[in-house]
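**Student:** Dropping a structure here in structure tokens format, bear with me for questions.
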Amino acid sequence: MRIFAATSRYVQGAGALDDLGRYCRPLGSHAFVITDADMAKLLGARVTASFETAEMASSLEVFPGEITHAAIAELAGRARDFGADMIVGLGGGKALDTAKGVALKLGARSVSVPTIASNDGPASAAIAVYDEHHIMQDILHLPRNPELVLADTQVIANAPVRFLRAGIGDAISKKFEAEACAAAGATTLLGTPASLTGLMAADACYQIIRQHAVAAVRAVEQKQVNDDLEALVEATVLLSTLSFENGGLSLAHALARGFSYLERARGTLHGDHVAYGLLVQLVMEKRSQDFILELCGFFREVGLPTRLADFGLEQPTATEIRELAEKSMVSPSAARFAPPVDADQLEVAIRQVEAITAAQN
Ligand SMILES: [Zn+2]
């Protein structure tokens, strides 16, 4: 058996935000929009106007910051009072996941409007819930993927470029993770082996990134939208999600889980963790040093990390490396790799990545 999951409508382009109401209209009449304080100030008026144009009722709610079960329950109560039939997340990963959590609680439709392209969350059915210390507590799942994902590339181009870089990190690993997951005979998050469509999406995602990422990063440094950015955003916001949901995850994402426990890496982004995790995975796959160095060259060009020092872990201690290896094993994705790995092997692989990238310059 195989299962394929995807968002039912994906809309992308400069200025697309002004058409949000029009694309939401087929989903219902009452949109409950969850966003953070900065986005409310920056984009709230445009969003509200787009719903007015579409003759829909909308309510803009500023969420507290961290995606906790308590925050979701509180917002769900307000959305119910408003009579919401769709929950729209507007912002970064936290706003979007909070909105998905509220949609899940109410059985309402889910809409994602990412204002940064930093990870594969917007189009995904998965919802990461954290505790107050930003340690992942749970992964919940919507019964269906968000009905609509709307990415305004001008909004994404106006955001700090470090978010775009992280999105590249979160997406570039997918080809290698899907292939490793399939080779291990492991299942995707849908509980079935990878579909061919999922594996092809992961490969296409990689090719598009290698072709367009450098020019797209340069464009966003100038806050400009060009064809390279349009191509890259399709890869990092749409294909990246199709890849992991339908192709499967592996060691790169296991390592990303481990990073969330490292005190000194606090504040660094998921996609950066995945990029480093991919290097560890490639060592575990016994790829040649030339192959890894070529990829590291690309990482440096787009500004992705290649060593622990890039996360603020100057001269990482033995304890930190051990903790990264051990906590990575907490992730179910650590088991989506053959032959089976343990913390000792990951620790050796991390040290090997450090040695390879230290020799780089
Ligand atoms: Zn990810």
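Cβ atoms here come from the backbone N, Cα and C positions, even for glycine.
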**Student:** Which of these, ASP36, ASP38, ASP81, ASP203, does TrEMBL list as part of the NAD(+) site with GLY93, LYS94, ALA95, LEU96, ASP97, THR115, ILE116, ALA117, SER118, SER124, TYR130?
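**Tutor:** The record-listed residue among the candidates is ASP36.
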**Student:** Given that TrEMBL annotates ASP120, HIS253, HIS270 as binding glycerol, state which candidate in ASP170, ASP310, ASP342 belongs to that site as well.
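**Tutor:** Candidate listed by TrEMBL for the same site: ASP170.
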**Student:** Using a Cβ-Cβ cut-off under 8 angstroms and a sequence gap of six or more, which residues of the chain neighbour ASP36 (NAD(+) binding site)?
**Tutor:** VAL62, PHE63, GLY65, GLY91, GLY92, LYS94, ALA95
**Student:** Looking at the binding-site residues LEU96, THR115, ALA117, SER124, whose Cα is closest in space to that of ASP170 (glycerol binding site)?
**Tutor:** ALA117
**Student:** Please list the DSSP helix, strand and coil residue counts for the domain 'Alcohol dehydrogenase iron-type/glycerol dehydrogenase GldA' (8-153).
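**Tutor:** The breakdown for the domain 'Alcohol dehydrogenase iron-type/glycerol dehydrogenase GldA' (8-153) reads 58 helix, 43 strand, 45 coil.
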**Student:** Compute the average pLDDT of the predicted model within the domain 'Alcohol dehydrogenase iron-type/glycerol dehydrogenase GldA' (8-153).
**Tutor:** 94
**Student:** Tell me which binding-site residues (ASP36, LYS94, LEU96, THR115, ALA117, SER124) have a Cβ under 6 A from ligand 1; sequence order is fine.
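**Tutor:** What lies within reach of ligand 1, judged by Cβ under 6 Å, is none of the binding-site residues.
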